[in-house]
Amino acid sequence: MARETGESGETKSTKVKKHKRRKSKKESKTRIVHANILYDLTKGGDNPNRHYANNKIKTTKYTLLSFLPKNLFEQFHRFANVYFVFIALLNFVPVVNAFQPELALAPVVFILSVTAIKDLWEDYRRHRSDKEINHLDCLVYCSEKRYVEKYWKEVRVGDFIRLRCNEILPADVLLLSSSDPDRLCHIETATLDGETNLKQRQVVRSFIDLDCEFDPLKYNSVIECEKPNNDLNRFRGYIIHRSGKRDGLYKDNLLLRGCTIRNTEEAVGIIIYAGHETKAMLNNNGPRYKRSKLERQMNVDVFWCVIILLVMCLFSAIGHGLWMFQYGDKRPVFDVLSPEGTELSPVVSAIYLFLTMIIVLQVLIPISLFVSIEIVKICQVYFIHQDMELYDEETDSHLQCRALNITEDLGQMQYIFSDKTGTLTENKMVFRRCTVAGVEYSHDANARRLAMYQEMDSEEEDCTSHGGTLPRRDSVTSHQSGKVVLRSQSTKSHRRTGSRAEAKRASILSKHTAFSSPMEKDITPDPQLMDKVNECSSQMEFMRFHSQSLNQIPPDLCDVFDFFIALTICNTVVVSSPNQPRQKLKSPVKTIEDFIKRFTPSRLTSGSNNSSSSSLATNRSSSHKVGCSMLSSPSAESTLTKLKEENPVPPNFDKTKALAQDECELRYEAESPDEAALVYAARAYKCALVGRLPDQVTVELPHLGKLSFELLHTLGFDSTRKRMSVVVKHPLTEQITVYTKGADSVIMDLIRPATDDCKGKRQRKILYKTQNYLNLYAADGLRTLCIAKKVLSKEEYASWLQLHLEAETAIQRREELLFESALRLETNLQLLGATGVEDRLQDGVPETIASLRKAGLQIWVLTGDKQETAINIAYACKLLDPEEEIITLNADSQVYPACTATVSLHGPFLVHRLGLVIDGRTLAYALDKSLEDDFLAVARSCRSVLCCRSTPLQKSMVVKLVRNKLKVMTLAIGDGANDVSMIQVADVGVGISGQEGMQAVMASDFALPRFRYLQKLLLVHGHWCYSRLANMILYFFYKNAMFVALIFWYQFYCGFSGSSMVDQWYLIFFNLMFSAFPQLVTGTLDKDVSAETLQELPQLYMNGQNSEEYKPYMFWMNMIDAFYQSLICFFIPYFAYVDSDVDLFTWGTPITTLALFTILLHLGIETKTWVSLVLYYAKSLFFIVALCYNASCPACFSPSNPYWTMQRLLGEPIFYLLCVVTPIALIEPNIFCTPIYIFAFK
């Protein structure tokens, strides 16, 4: 019995272990979250959430105990610090030491201490910030059955948290309840991605239909979701109820840490990720470290300094060995014995002397150079930040420097890769023109309105369009091959218009609502199109009233109606209106059973009594009410207050005033400027978006009032499909309709093939005319979008819905299945029309590009826009010149780019200035390994390159190809998430803090408010930073080599014994105190050319591009100059004091003084501005320290005796004569040789 019990116990134990292994394996892939309230009364060890990270944020690197070892460990990762510590420790070995060990250690300790203090201060600032964040308050449900205030740091995974309006989220929260009647929660994500528009988040599906307030005590579900990751746009998981039912969890159910609750009084959720496991914290990488080109060159020269040091030490060791060998068995009386008291052989003495000389000549490797460079770069960044000319008042933003160690690279750029939309342009889309059903509406009055903004701004120069385009001439016979195009003047000017006061008002408004400047909102409708809209609406109202079929309306009017409905509802715009109450609606279709119940034949007939209140039968009996689907219509006898609250529009009411009032109240929160522009354009035609819910979009139309379209599905925009679609139930026809908008390059291929009947001929005609108008819009530089629709039968929708729901609930390959589902739906579309939206150039873009061109920078524009649009913008911003020959590459296979490359490389051209335009498909071929060299050869022969229809991956591939193949310095600038890969690949990445969020800024090294600030950043600050650092590094090598060489020359007179005629205090602190500080000041403040001159003469920037300030031979010239000056500086005092009775330090101190004077005088000659005054400070500091040291230290380091040395020298006339004659003799060759060198080599 016992055996059986034991065996059963072992079996049970084995099962438990297997279960634990399975559980741990599952936990490695997913996270399981339970409600903490169920475990509050039990021991903490029983809570399954105990292993997850708490919500306490700690971004500091150190603690009180770990600071010293950890900081030293980090500093010793730098090889130079290891070298200097090794030298200092070597000085503790009695046999080879050259200085007092404690004194030799002082410079290293000082350098390490300065860096440690800097790191400690930065860490303390992080600690204060962490403390402030961790002690913010939030409401957490506790075991006392109520919400209590707790600090953020006390929140745990599994806690229920109550969120209030305008409150910041403390962790990643799964939304379980909302005070919004539609169970929505509006959030602002500006702290994550910089986007100011509101986003909707939805309560988990199984909690939407709760009729009472959410009670955490009744919650008994378990959440299974993915492990913490940094993907802000993805969240997957399931919530498993006690009944076993599982509901999917998506990103729309998750509220991220750092977001702010808006327009929602109260929400309740459960914490899924806390602290450092939240998505916001996982994305917080901080500034990136890059090594600059100048630093890489410097490291090579440091290596050469090490070689020179070893050669000098080896020479001294051999000399010392020979000197000892000549004595033979007669040892000199001053010979140093071994620690055991025995005599050393010449070979052993030479080895010891080699190590001693490394200690003595260690100054040749500039210990203070590395920390000086860090200090100078920090100071340079500070002064760049303080430049008010890089501050943008309209957006209240200034330059940000996120990479502190590549400022000098700004002065050496050779290639600039720029995005177009939002970087060169404002990304403020202004609706300009449209074509509907093959009829073009030019909107001349709207164009005059935009011209008025231009006249109001007296500070901006007039922009008029002249000229046109000449016919293209094919350089290759095939129509698919490259074409050479000669363009005349730009066809359109795209200078941004609008007065500065207008822009300021817009910027204030944009802080609350994105893409809502008056220029974007106030659109003047075209009278002809407005008449058609009114005519269509009145006919529909008449037919509704008389219960007639809407099919009797002329097709062109139907197209107009559907066109504006598509503009209004085919988007993700969120409507904010505090005075507009919303009612609870039914959920959209989620199951096949739902579909069967809701879309029966009786519901699809327009005359059914069960249909919505907007059906024809219902509206016939309520002709004096507003037609509305799923919304009750208020009667005409309502009070004025109720009218204002619910916005009814009776027939005898002034619709213009009502719409104007509504427009003042409504705010559109758009995710992109294109969406906002089209919604505002539709509103100008009285087709206003007045409400958006997860399952419904409400539109207000003239004559018809409010119509509510039941939103069944939204197929969002993606860069592959290049379109978005919405599936709605039409309130007038009860039909299931698909509205699609997207790029013309894809929509035109999805249009239903035309038949031979009248409808087919009409469709062909519309297609042909629309394509012509699209070409005209693109030639005018307008961004084009095509609008289309499709009516689904009940059977078609049911068939598609089944596969779509399977894709939505799939665990594996969900994104791919949803993509395929969208492709199945978006076919056989009916073309409604197209829009032309203008994206205006930013201020100063043409002038900036022209100036950068003069500076020798090659500018490539990489954009996803249409080729014609991109070309016109390129002419407007002076990227392309009318006098240039344009090579246009459009190909469908790899053969044609190769053929074109051959023609381009060897074919004759009429002019020598070329421009290259290439589309995305051809670019994909050109980036192939077999063609990339030919592509680069063609591109290098062109003055400018324009890549159209390029994907984010292609952008990064182009930058990488140019950087690696041509070995040039590259800069990439962009403003959107699609530019991030390009920005990260380039040597220097610049983000524009514009309309598309902060993704580009967060990935960049520098962030600018406007493109035009790039001119001063590169031409002025880049030039200064490079020039200052290059000269500072060369100066450090020069002064250290000159000072070390003095000791080396002395070895010829002391038997290469490693002795020094310079006091060891001077030797140690010469580089650290006396000569380093002046260079810090000049390296930070010196200006070889003024800012005005650098901007007026951009050609001066080529100095940095060609590395004129720091070429390899300059290092060797400085070393030769240093050794020459050291010879003069050594032998003039030598001959002055020869045969005198002065002691060693009385002779060595003048040499030290003369070396310092010469080095500072050399720096004064190289310095261009008033900062040379600091040289007098350095000289005064030396004398003060020397006098104090010589007066207070009679026998500090026996047998040395520096007492009163400087005081005696100051009383001798020969000392003053040496201080005048020697520096002049040393500097004169430099003064006379420099002009000869410049004339001969520059």
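Including glycine, each Cβ sits where the backbone N, Cα and C put it.
Note that the coordinates shown come from a computational prediction; the quantities given were computed from them, not determined experimentally.
Residues or ranges marked as active site, 4-aspartylphosphate intermediate by TrEMBL: Asp419. The ATP binding site feature in TrEMBL is assigned to Asp419, Lys420, Thr421, Glu675, Phe717, Lys741, Arg783, Thr863, Gly864, Asp865, Arg949, Lys955, Asn978, Asp979. TrEMBL lists Asp419, Thr421, Asp975, Asp979 with the feature Mg(2+) binding site. Annotation source TrEMBL lists compositional bias 'Basic and acidic residues' at 1-13. Residues annotated as compositional bias 'Polar residues' in TrEMBL: 477-491. If you look up TrEMBL, you'll see 603-621 marked as compositional bias 'Low complexity'. Annotated domain 'P-type ATPase C-terminal' per TrEMBL: 1001-1233, in sequence order. Annotated region 'Disordered' per TrEMBL: 1-29, 456-506, 603-632, in sequence order. Here TrEMBL flags 79-97, 103-121, 302-327, 347-371, 1033-1053, 1065-1085, 1115-1138, 1144-1163, 1170-1192, 1214-1240 as transmembrane segment.
Of the listed binding-site residues, namely Asn978, Asp979, the sparsest Cβ surroundings within 10 Å are found at Asn978. Non-local neighbours of the transmembrane segment (79-97) in the same chain are 104-105, 107-108, 111-112, 302, 338-339, 352, 355-356, 358-359, 362, 365, 367, 370; each lies 6+ residues outside the stretch with a CB under 8 Å from one of its CB atoms.
Around Thr421 (ATP binding site), taking its Cβ as the centre, 27 other Cβ atoms fall within 10 Å, counting all chains. When Cβ-Cβ distances under 8 Å to the transmembrane segment (1033-1053) are tallied for each of 302-327, 347-371, 1065-1085, 1115-1138, the top count falls to 1115-1138. Sequence-remote contacts of a segment are chain residues at least 6 beyond its ends whose Cβ falls under 8 Å from one of its Cβ atoms, and for the transmembrane segment (347-371) they are 78, 80-81, 83-84, 87, 90-91, 93, 95-99, 104, 107-108, 111, 114-115, 302, 305-306, 308-309, 312-314, 316-318, 320-321, 324, 338, 1033, 1036-1037, 1040-1041, 1043-1044, 1047-1048, 1051, 1056-1058, 1060, 1067, 1070-1072, 1076. Counting only the Cα atoms, the space from Asp419 (active site, 4-aspartylphosphate intermediate) to Phe717 (ATP binding site) is about 20 angstrom.
Considering only the recorded positions Asp419, Asp975, the Cβ with the fewest other Cβ atoms within 10 Å is that of Asp419.
Cα-Cα distance from Thr421 (ATP binding site) to Asp975 (Mg(2+) binding site): 8 Å (rounded to the nearest whole number).
When other Cβ atoms within 10 Å of the Cβ of Gly864 (ATP binding site) are tallied across all protein chains shown, the result is 22. Computed over the domain 'P-type ATPase C-terminal' (1001-1233), the whole-number mean pLDDT of the model equals 85.
On its own chain, Arg949 (ATP binding site) has Ser745, Thr863, Gly864, Asp865, Lys866, Gln867, Asp919, Gly920, Arg921 as residues at least 6 apart in sequence with a Cβ closer than 8 Å to its own Cβ. Reported as a whole number, the C-alpha separation between Asp979 (Mg(2+) binding site) and Phe717 (ATP binding site) equals 17 Å. The Cβ neighbour count for Arg783 (ATP binding site), using a 10 Å radius over every protein chain in view, is 23. Take the CB of Phe717 (ATP binding site) and look out to 10 A: across all protein chains shown you find 21 other CB atoms.
When the alpha carbons of Phe717 (ATP binding site) and Asp975 (Mg(2+) binding site) are compared, the span between them is 19 angstrom.
Note: the Cα of Arg783 (ATP binding site) and the Cα of Asp975 (Mg(2+) binding site) are spaced 18 Å from each other.
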